[in-house]
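Please read the structure below before turning to the comments.
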Amino acid sequence: MNSNTPSTSAGAPGSADSTAPRRNSKRPKYSRFTQQELPACKPILTPKWVISAFLLVSVVFIPIGVVSLFASRDVVEIIDRYETDCIPLDSRNDKVGFIQSRRDKACNRTLTVPKHMKQPIYVYYQLDNFYQNHRRYVKSRSDQQLRNPSNEDDTSSCKPEDTTANGMPIVPCGLIAWSLFNDTYNFTRNNQPVTLNKRDISWKSDRDHKFGKKVYPKNFQNNTLIGGDRLDSSKSLSEQENLIVWMRTAALPTFRKLYGKIEVDLQAGDVINVGLQNNYNTYSFNGKKKLVLSTTSWLGGKNDFLGIAYLVVGGLCFFLAMVFTIIYLVKPRQLGDPSYLSWNRNPGGR
Amino acid sequence: MKRYIYINDDDLAQDLYCDNRISNRKYTIWNFLPKNLWEQFSRFMNQYFLLIACLQLWSLITPVNPASTWGPLIFIFAVSATKEAWDDYNRYLSDKKANEKEVWVVRKGVKKLIQSQDIHVGNIVWLRENDEVPCDLVLLGTADPLGLCFVETAAIDGETDLKTRVIPSACMGIDLELLHKIKGVIECPIPNKDIRRFDANMRLFPPFLDNDVCPLTIKNTLLQSCYLRNTEWACGVSVYTGNETKLGMSRGIAEPKLTAVDAMIDKLTGAIFVFQIVVVIVLGIAGNVWKNTEAKKQWYVEYPNEGPWYELLVIPLRFELLCSIMIPISIKVSLDLVKSLYAKFIDWDDQMVDLETGTRSNATNTAISEDLGQVEYILTDKTGTLTENKMIFKRCCIRGTFYGNENRDALSDVELLDAISTGSTDVIQFLKVMAICNTVVPIQSKTGAISYKALSQDEEALVRAAASLHMVFVNKNGNVLEINFNGLLLRYEVLDILEFTSDRKRMSVVVKCCLSGKIFLLSKGADEAILPHARTGQQTRTFSEAVEQYAQLGLRTLCLAWRELDYDEYQEWSLMFKEANSILVDREWRVAEVCQRLEQNFEILGVAAIEDRLQDGVPETISTLRKAGINFWMLTGDKQSTAIQIALSCNFISPEPKGQLLLINGKTEDEVCRSLERVLLTMRITNTEPKDVAFVVDGWALEISLKHYRKAFTELAILSRTAICCRVTPSQKAQLVELLKSCDYRTLAIGDGGNDVRMIQQADIGVGISGREGLQAARAADYSIGKFRFLTRLILVHGRYSYNRTAFLSQYSFYKSLLICFIQIFFSFISGVSGTSLFNSVSLMAYNVFYTSIPVLASVLDKDLSEKTVMQHPQILFYCQAGRLLNPSTFAGWFGRSLFHAIIVFVITIHSYAFEKSEMEEVSMVALSGCIWLQAFVVALETNSFTILQHLAVWGNLVAFYVINLIVSAIPSTGMYTIMFRLCRQPLYWTTIILITMAGMGPVLALKYFRYTYRSSKINILQQAERLGGPILSLGNIEPQLRSLEKDLSPLSISQPKNRNPVYEPLLSDSPSATRRSIGPGTPFDYFQSQTRLSSSYLRNSKDN
C-alpha cells in the first residue's frame, strides 16, 4: 500500500491544473478606453430640455432678426435700370445691332435721392442673367500670368482668348478679362461734378498678390472680336482696379460690382445726373443693367432676407416649443416606462 | 497517382520533385505591384473610383483638380498595398528563417550540415531531440532500440499531447552505421493534405534485402513542423518537401467573409449609383439644351458653333465627375478602420478573459464584427463547448455491483477499495483493462512523479483512476508495459493495437503476459459496440441497465471487456492483420473487418462512467441568447441519450410540459420520411403555441433527410427554434450550416475540436473555443474565446455595438457626401447647367478626408445603451437581427435629411450672399462652413453617449476646420487667399452660419424628439429608463413577472395529448418518479432534481433500436 502513495499523487497534477489558483499573468493593464468605459455623458431628449432649447433659440433669433431687418432698412439704395431706356427709340427693335454699331452710346439718367445718404456711397453696376459662373467662363483665366510678368506665355487655360491670331500671348488672357464691363458713369449734382473715387474699390490682397505690379496689358482686345473694355497698356494690372473687380467672378447670375465710391453725403431730394456710356452688350441674352448707389450697414447692403429668415426661424421655434408644451401637458407620457416594452406585455412573442 | 522515391539516391530524384523551399508568400518583388493592383481593382468600388480618377484627367470635363480624387485614391491604395506588403514581408522572413535552418542530411554517404531548403526528396535527414521536422519524413531509425520516437504535432492539428511514431518493420534492427547507406524505394501517393493517412509501401535494396513489401502508415512518418520529443535522435527519408508537404498542402487562404451589413452597404451603394446616373442623364440633357439655346446667346462664353463629335458627351461627363463624390471614397477607409477597432475591443475585453488559463478572446477576422449582432442561429458543438471536456472517472459497475453514488465517487467508495484489497479477480481484471487498454504514454519526471500523455481524455481519466486505485501504469518501455499493483510489478508485452475509429467505436489491445506467456485481448468501447459481442451465455442485462442509469446522470459510459486468446488463434489472426495493414486501398475498412474477427466472445467486465461537467454559465448563456431571439442547434457526435441529457441540463430544451421533443429516426428512407412528415405536422400545429418544441435527429436520419427530403427538412429547420443533431459527422455539421445559410439566416458556429473546423469555416461567423481538444478550431475560427459563456458578451455587447456603430457610420458617410453633392447640383442650375463646381478642389478633398471623417470615427465609442441594460434586456438585439438600423428606409431618412440640409445651406447662402457679395470664393466657403457646422451637429445629435474623445472629435474638428482654412487663406498662391480672414471678420458670415445651423437642425431635432417621445422604439424606452434612473429600478422586477406569466400560461399546454401515436411523440413527461416505464413506442422520460442542479434526464427504452 505504501508504495502506491507517491504514484497516486503522481496521477494528480493534470487534474490539479484546473483547480490551481487562478493565474492572472496574461491579464493586461486595465484601461477605460480599451474596456470602452470612458466616462460618458448620455443626454436624452427630455421634453423640458427640448422645449427650453426651442424657446431659447426663438428668444435669441427674433431680436437678431429685428436688428438685422432694421440694419437693412437703414441702408439707402437707389437703383436705376437703364438698359432699355438708353437705347434710342428708333433702335429698340434691334438692340443688339445698336450696341454693336459705332453710334454714340451716351445716355443721360436722372436720379433723385430719397433720403439722406451718408458717405461713402458705393456705386455699383448690376448685371442680370450674366453667367460669370459658367464653367467655360470661370476657368478661362491664368492666375500665373496675372501675377508674374515672366509667366506671360502661361495661357493654356485661357482658351479661346489665349493668343492673338499670330500666336502672341494676350495679357491678361481669357474670357473673363476679355469681356470686361465697359459702361462708364459720370455723376453731376446741380451741375457740379461729383467726384467718383475709383481707387481702392478692389481687394487689397488682389492688388498686392494676385495682380502683378510689373504685369502690363499686351495684345489686349487686338483680336477681330472685341469683347469688353480696353485696358491702358501703360498701367500695370495691379492699378487697373476695374479689371481686378471684374475678375473676382460672381457665384450668381445676378451680381453687383463696385464701380466707385462717392465720398460726399447726398441730401434727400438731391437730383443727380448721370452721364453714362452704354457700351456693354447685354442685349443678346436679354440681360438687365442697373446702376446702384447704396450706403452700407454693419451687415452690408440692403438685404432683408437675413432679417426675415431669422424672424421666421425664431417664430417657428417658438411655435414648435408651444406645440410641444401643449402636447406634453395634454398627453403626458412617462419616459422610459418598461411597460412599453412589448416583450414585457407579451412574453414569448416578439 | 503515385510517386516513387529512391532512398538516398543523390543523382536520381534531384530534379523530379521540388526542393524543400517553403514559400507562404503571395507576391514576389516583381509581381507585387501588378498583382496587388489587380486584386484591389477587382472590387467594384475601386474600379469606379479609378474610372472617375481617369476621367478627371481630361481637363475639358473635370470640374475640380484631378488631385482631389487621385490623392485619396492613391492614399487608400497605398495603405492597403503597404499592409499587404508588410504581411508578405513577414511571411518572407519567417519562410527564410525556416528555409535557412541548418539540418543534418546524408549527402554521398556522408552526414553534412545543409540548409533546410536544399533537402530533396529521397534525402536522409537526421534529427535530434527537440528539433523541428523540416519536411515530411518516413522514419528509418531512432535512438530507441525498438524504433519508437515521440512527436508533438501541435503545429498540425493543435493537439498538445505526444504521439508515438515507430520505424517500419523493414528497418528494424539496422545498424546505426549502416543507416547512412540504406537504399530502397518508397511507393507513396502524390502529395495530399490528409494528415491522418499515409498509405505507402517501402522496399529496401540489397544489402538490406527484405523481400517483403513493408507497409507504411502515418505512424511511420514525421510530418513537417512537428517536434521530436523524448527521443535522442531519429532519422528518416524525406518524401514530401517544400510546399508539397502535408502541412503545405493544407495551407490555404480562407475566403473572405462578407457581412450582412457589407452586403447592405453594397446594395445602397448600387442604389446611389443608379440615382447618380439618373441625375447625370437629366442634368446632361438639361445642360446640352441650355447650351444650345441660352449659351449661344451668351457671347462672353464664346461657344464655338461647331464642336467636336463628342460634344454632346462633355456635359454629362462633367456632371458624372461632379456627382462622383456621391459614393464616398472615404467609406471604405473609415469602415476598415473602425472594424479593426471593433476587433481590438474584443481582444482587449477584460471580461472575456478565461481566468483559469489566462486566455484572452481574440478576433482573428477583423471584418465581420457587425455580423455578430445579427446572428439568428447558433450551431454549437457539445463536448468541450457546452461541457468542459475534463473527464473524471465517477462511477463503475463491475459484475453487477454498482460502485459510487451521489455522495461519493467510485474512487472513494469503500466497497470498491475493499474489493481491491481482498483481491477480487473481476475487479482486478477491470482495473487492468483500465490501465492497459489504451495508448497513453506515462512520463516519469526526475522526482518520480508520473504524468500521462494521452490522445483521448477518456483514456487519461481511466488510467488516472486506475492509478488511484493502486493499479499504477508506471512505465512503457517499447512494447512492454509495466504496471505496479500494490507493489507488485506486472509486465505485459503489447503485441497489437486495434485502434479506435469512430465506426468501430471501440479499441482493443492484444497483450502477452510476460509472466505466464498467455495472450489476452483487452477491449473497451461504447456499449453498442461491446455488449452485442459478449460471449454466449453471459448476461448483459445488468450492464445495459448500468449504461442507461449512468446516461441518465449525464455520464459518458465505456464498457470494458477481455478475452484470453489461443496462441494459434492469435498467430493466424496476426498474419491477416499484417496483411490488412499493408493494403493500399481501403485499408481502414479491411483492418476493421479483421479486427472484428478477433473482437468477439467478450467476457464483459463492467461499465465505467466518466463525467464531463457543464461549463460555467452555460444554461444562463443559452437562456439569455434565446431571449435575444437567437435559435440554438446542437450538433454533436455523441449519442442521443447523452446529447438530450446535456441539452436538458443546460436549458437547451425545456422539460415537459413546456417543452416537447420530436424525434426523427428510422433506418430506411421510408421510415425517415414518415417520421419527418410526422414531426413537421406536429411542428406546424404547435407553432402557434407558446411552447418550446425541438426536434432530435441522428446522423443516419439526417443523411437521408438531407439527401432525399431536403425541402421538408428545410421547412422543419425554419419552423424549429431548437434542434439536436446527434451522431453527426463533421461534414454533416457543415451541411447543416449550409442549409441554414441557404434560408438566408445568419449563422454562428461554435466548437472546440478538429471535427468542428468545417462547420466553423462554413458558417457566417465561426467561433472557436480555445479548449482542451487543441487549438484547431480556434485557429480556423473568426473569433476564439476561452469559455462558452463569453458568447453572450461577444454577441450582445460587441456584436450589437459594432452593428449600431457601422450602421450609423455608413449612412452618415453617404449623408455627408450626398449633402455636398446636392449643393453642387443646385449650384449647377444657377450656373447655366454647365457643370461648374461651387467648391474648390482642396475643400472637396479635405471635406471628405478630414472634416467629415474624423468626427464620425469617434462614433466607435458610442453606446446607445449601457452593457448592463443590454444584458438585462437581450430582446433588444432584435433591432440588430432584423437590420432595423440600416436598411433602405433608414437610408431614405438620411437621404431626405441630406436633401433638406442641402436646400437649407444653398438657399440661405445664395440669398444672404447676394448681389455685391456674390463673390465665388466667398460663397463657396460660406456654403462649405454651413455644411461643416450642420454635420458637426448631426453627429452630435446622433451620438448617444459623449465621452471626452467624442467631444474632442466633433468640436475639435469644427475648430480644426477654421484653423486649416485660416492657414490656407494665409498662403498667397491659393485661390482662397484671405477669404477666411475676410469672412471671419464679417458679422454677416456668422449670422448666416448660425441661421443655417438652426434652420437645418431645428426640424431634425423636432422630428427626432417627437419620435423619441411619442413613437419611441424599444431602444429609446430603455435609454430613457436607463438615464432617468427612476424606472430602471423596476426593471429588475420584470423577470419574476415574466416567470409568473409563464407559469400562468403553462397549465394551458398541459392538456396536450400524452401519447397520441403516431403524430405525437412526447419524449419528455413530467412524471416525478425515476422509475422506468415502457409504454409502447412513445418513450417517456423522467426528470428528477439532483441536489446541485436540475438534472433532468430521460430513460430510453432498452433495445429500442
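Just so you know, glycine gets a Cβ as well, placed from its N, Cα and C.
Quick caveat, the model's predicted, so the values are computed rather than measured.
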| query | Looking at TrEMBL, B:Asp381, B:Lys382, B:Thr383, B:Glu459, B:Phe500, B:Arg556, B:Thr636, B:Gly637, B:Asp638, B:Arg727, B:Lys733, B:Asn755, B:Asp756 are annotated for ATP. Which of B:Lys524, B:Lys578, B:Lys658 sits in that same site? | reply | B:Lys524
| remark: For the transmembrane segment (B:268-290), the distant same-chain contacts (Cβ-Cβ under 8 Å, at least six residues beyond its ends) come to 45, 48, 312, 315-320, 323-324, 326-327, 810, 814, 818, 825, 828, 832-835, 888, 891
| task | List the residues of the same chain that sit at least 6 positions away from B:Phe500 (ATP binding site) in sequence and have their Cβ under 8 Å from its Cβ, in sequence order, or write 'none'. | result | B:Ser456, B:Arg506, B:Met507, B:Gly525
| note | Per the Cβ under 8 Å criterion, with at least 6 residues separating them from its ends, the transmembrane segment (B:44-61) contacts 68-70, 73, 77, 266, 269, 273, 314, 317-318, 320-321, 324, 327, 329, 332, 835
| Other CB atoms within 10 A, centred on B:Asp381 (active site, 4-aspartylphosphate intermediate) | 30
| query | Taking the Cα atoms as reference points, how far is B:Arg727 (ATP binding site) from B:Asp756 (Mg(2+) binding site) in Å? | reply | 13
| query | Roughly how many Å separate the Cα of B:Asp381 (active site, 4-aspartylphosphate intermediate) from that of B:Asp752 (Mg(2+) binding site), to the nearest whole number? | reply | 7
| field | Rounded to the nearest Å - Cα separation of B:Arg556 (ATP binding site) and B:Asp752 (Mg(2+) binding site) | value | 18
| Can you tell which of B:Thr383, B:Asn755 has the most other C-beta atoms within 10 Å, given these are the binding-site residues? | B:Thr383
| said: Give me the CA-CA distance between B:Asp752 (Mg(2+) binding site) and B:Thr383 (ATP binding site), in Å, as a whole number. | reply: 8
| message | Measuring Cα to Cα, how far is B:Gly637 (ATP binding site) from B:Asp756 (Mg(2+) binding site) in Å? | response | 10
| field | Assigned element (helix, strand, coil) containing B:Asn755 (ATP binding site), judged by DSSP | value | helix
| note | In three-state DSSP terms, B:Arg727 (ATP binding site) is classed as coil
